[in-house]
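K.L.:
As annotated in TrEMBL:
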SIGNAL    1-25  signal peptide
DISULFID  Cys82-Cys87  disulfide bond
SITE      His85  site 'Important for lysozyme inhibition'
Amino acid sequence: MKKTLIALSLSLASCLSLASVSAHAQELPTLGSLQQDSAASQAFTVMQGKHTLPAWVKKGSTDSPTQTVRLDGKEYWVFSACKLHDCAAEQLAMLYSPQSHTMAGVLSRSNEDSTAQQLTWLNVSDDLSIDGKTVLFAALSGSLANHPDSFNYQ
């Protein structure tokens, strides 16, 4: 009986912990929902600038869960996505400031015949030049997802 109660308590605690993590993840917008926000859409247009982005960026991407980081005391949402069925070939990572409604990003392109990776930096301001690029590249490589607390720079 005692073992059953302990197991039940651990199971319930685990479920509550997962629900808490899940609830927090649901509070952050997804890349798709961000496009519905007019300020974020305008920030995306500014970020894109004169660059032509692949069609999958706006429709047809595989999106990763949104994460948060702090850079110089400011919160940023980090979005990452890749080309559907070909993530190794094309990826995009973006930093969005919900306070200032600014966005920066990096587009990565690779091909199977080359070991080179082409990075196109999008609207990375002087404020974000080092730490912002570090976070964006970490989002592309998966390091941000694996070590989220390692990329908060005060």
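Just so you know, glycine gets a Cβ as well, placed from its N, Cα and C.
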K.L.:
Taking DSSP as the reference, which of helix, strand or coil describes Cys82 (disulfide bond)?
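P.N.:
DSSP call for Cys82 (disulfide bond): strand.
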K.L.:
Who sits close to Cys87 (disulfide bond): which same-chain residues at least 6 apart have their Cβ under 8 Å from its Cβ?
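P.N.:
Long-range Cβ contacts: Thr62.
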K.L.:
Other Cβ atoms within 10 Å is the metric here; tell me which of the recorded positions Cys82, His85 scores highest.
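P.N.:
Result of the Cβ crowding comparison: Cys82.
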